[in-house]
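Asks: So TrEMBL lists these for the protein:
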type	residues	note
DOMAIN	A:65-143	domain 'YdbS-like PH'
DOMAIN	A:256-339	domain 'YdbS-like PH'
DOMAIN	A:403-483	domain 'YdbS-like PH'
TRANSMEM	A:12-32	transmembrane segment
TRANSMEM	A:44-63	transmembrane segment
TRANSMEM	A:185-209	transmembrane segment
TRANSMEM	A:229-254	transmembrane segment
TRANSMEM	A:386-403	transmembrane segment
Amino acid sequence: MSEEKRLHPITAVMNALKTLKEAFIPFVILIFLNRGERESFLDYLPFLVMGAMVILFLFLGVIKWWRFKYWVEEDELKIEQGLFVKKKRYIPFERIQSLNYTEGVLHRPLKLVKVKVETAGSSSTLESEAELTAITKVEADDLNRMISAAKKRLKEEHSVVPEGEEIVEQEPDEQVLYKMSPKDLVVMATTSGGAGVVIGGILIFLSQFGEIIPYEAVFQELIDFVQAGFLLAGILAVVVFFVAWLIAVGLTFLRYAHFTVKLVDKDIVITRGLLEKKQTTVPLKRIQGITFDQNIMREPFGYTSVTIESAGGSVLEKDSNAIRLLPMIREKETYAILDEILPEYHWKTEFTGAPKRALKRYIFWKVLFSLVLIVPVSYFFFPLGLISLILIPLAVILGWMQYKTAGWSASHDQLTLKYRGISKQIVYLKKKRIQSVEWTQTFFQHKGDVATLHATIKSYTSGSHSSIAHVAKEDADLVMDWYSPEAEVKKVHEPIMTNPELEGQ
Amino acid sequence: MMGRQEPKMRISERALTVWKLYGWISAAVTLLIGAGLTTLTLIFDWSVWFIIGSAIALILEIVLFVFVLPTLKWKRWRYEVREEEIELQHGIFIVTRTLVPMVRVQHVETEQGPILRKYRLATVSISTAATLHQIPALDINEADALRDSISALARVAEDDV
């Protein structure tokens with residue numbers, strides 16, 4: 001595959017569509033500004049301009065496609081592109097972490113994929129990111145094979161292979177670990193607050209187009225309607241929520257249908273999507289930490305969502321450093337799957353909580369902040385504003401829940417932090433992945449002899465930070481001693497085995 | 001166990017001089033603004049509170065940023081570089097203690113601006129894969145020695161960051 005290649009010609013259309021998408025909002029504004037009577041030729045000008053621009057975009061798309069060439073040479077992926085300024089980009093295979101595939105609506109009938117080249121995360125290598133907009137699946141798989149073969153060869157050159165030992169080429173092991181059921185998808189859509197987002201979106205949309213919609217008339221009618229019967233209004237509200245919920249379910253299906261987690265060789269491969277199929281590859285050794293996230297609607301039902309923090313990834317995809325491994329699953333089902341992927345992690349462990357004296361700290365500040373809100377609201381909107389007083393018991397309850405949740409655990413090679421903003425989070429960090437440990441102590445915390453404990457791991461180009469507030473100061477010091485290579489504390493807590501087969505390891 | 005010991009080393013005493021100098025510089029800027037405001041007040045016959053306000057602001061700034069805070073900051077700043085780890089402590093209102101193992105250190109830098117250079121001081125920056133830690137205003141010889149010893153002690157572990 002050393003000859004120069006072009007992407008599939010459909011790329012030209014995709015390029016044009018991408019530019020068009022970016023110009024969509026100005027177009028809409030143009031159309032709206034241009035309502036009204038059409039009297040002269042000039043009134044049609046915006047449409048002519050738009051038409052010309054679409055043709056221009058198509059033309060540019062074709063040129064961009066024509067100038068984009070890629071080939072493989074000397075274990076490097078080489079890309080050449082650019083109309084006036086010719087850009088050449090050479091990516092050595094050993095820098096490539098993985099190829100991630102996306103199949104859009106245009107890709108699928110032609111058996112094409114979009115390939116994102118993910119490189120090892122380091123801020124100086126942002127330049128080496130690359131994307132092949134549309135190549136055939138066969139070509140992509142060829143490329144993938146060549147990269148892993150080259151990597152293997154490089155590895156063997158570095159390590160000494162005992163003589164006479166044959167290196168057996170073997171097909172990568174493929175093992176399906178998890179498939180998301182439609183039922184889980186529905187539960188996910190229902191508990192994600194997606195319906196609320198849909199309703200909110202509609203409201204924002206309506207407020208934006210307030211001038212077009214005759215609100216007063218609608219409002220008057222609504223009042224008549226409510227007067228006609230609370231039953232009808234109630235039914236209407238239920239219908240609105242039901243439709244919003246349906247839309248949320250639909251959106252979730254679009255993004256997460258066929259969600260499958262596979263273990264291929266030493267990579268986790270996640271595929272998902274209904275119309276646009278996405279495939280994400282995460283090399284196991286790039287995983288920096290695991291987070292269990294239970295939002296308040298999922299917690300009572302024992303559902304959780306598991307994300308992995310990876311050091312690799314792509315800047316082209318915003319949410320790529322926190323990858324959803326198990327978006328929606330019963331907590332007790334997670335351990336069996338995770339033990340397959342990451343047997344070195346301990347999922348259950350004893351925790352040390354925050355000391356009793358911390359409880360008032362968890363509550364006090366929240367109540368104080370809610371008062372900042374309550375006092376003016378109650379004053380200016382008396383007496384209706386008094387409803388805001390409900391924030392006080394809510395603040396107390398949240399503070400108490402945060403206090404109950406907070407906990408830390410340090411086994412011989414793993415730090416586990418448990419804390420709550422509103423959602424409950426459990427973060428599993430291996431000692432060798434933690435970049436630094438820190439405690440901070442405000443003046444008031446010093447008085448109460450407590451401190452906030454922080455641990456940072458690498459997450460693509462920056463760090464990912466976890467912290468629990470108001471642990472006993474001596475516990476913060478203990479964790480630091482545990483983390484310190486020079487101190488003698490080796491472990492504080494014993495892990496609880498979730499997989500009996502791994503006992504004794 | 002009675003908690004960890006504070007790190008032993010303090011930063012250079014000349015840091016105090018530099019921080020006070022920074023305080024004087026920002027006070028000079030405030031003075032200029034205050035003088036401008038005073039002039040305008042006199043010309044346009046504004047409220048006398050503008051003059052009083054800028055005088056108070058100037059005095060407060062000098063007291064805080066020249067006399068009080070630099071000393072507190074200097075007293076709090078501690079660091080210690082051991083065989084296998086670096087420990088830092090700083091912060092006036094929020095005390096921060098940080099522990100960075102040597103194997104996590106990716107590179108060390110010293111840097112100095114014109115003012116720091118005049119006082120033969122330098123800032124040492126220690127980077128891990130995810131975090132950046134700085135020791136401000138060390139004696140330049142000490143900073144260079146520290147940089148060299150950290151980069152000699154630091155070796156990136158075999159594990160992928």
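Each Cβ is built from the backbone N, Cα and C atoms, and glycine gets one as well.
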Asks: May I ask for the residues of the chain that lie six or more residues beyond the transmembrane segment (A:185-209) and have a Cβ under 8 Å from a Cβ within it?
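Replies: Those are 240-241, 244-245, 247-249, 251-253, 256-257, 259, 295, 297-298, 301, 303, 327-328, in sequence order.
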Asks: Taking a Cβ cut-off under 8 Å, which residues six or more beyond the ends of the transmembrane segment (A:229-254) line up next to it in the same chain?
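Replies: That would be 185-186, 188-190, 192, 194-199, 202, 273-276.
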Asks: Counting by DSSP, what is the helix, strand and coil composition of the domain 'YdbS-like PH' (A:256-339)?
Replies: 19 helix, 43 strand, 22 coil
Asks: What is the pLDDT of the domain 'YdbS-like PH' (A:256-339) when averaged and given as a whole number?
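Replies: Overall, the domain 'YdbS-like PH' (A:256-339) comes to a mean pLDDT of 84.
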Asks: Can you tell me how the residues of the domain 'YdbS-like PH' (A:65-143) break down into helix, strand and coil by DSSP?
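Replies: Across the domain 'YdbS-like PH' (A:65-143), DSSP assigns the residues as follows: 22 helix, 40 strand, 17 coil.
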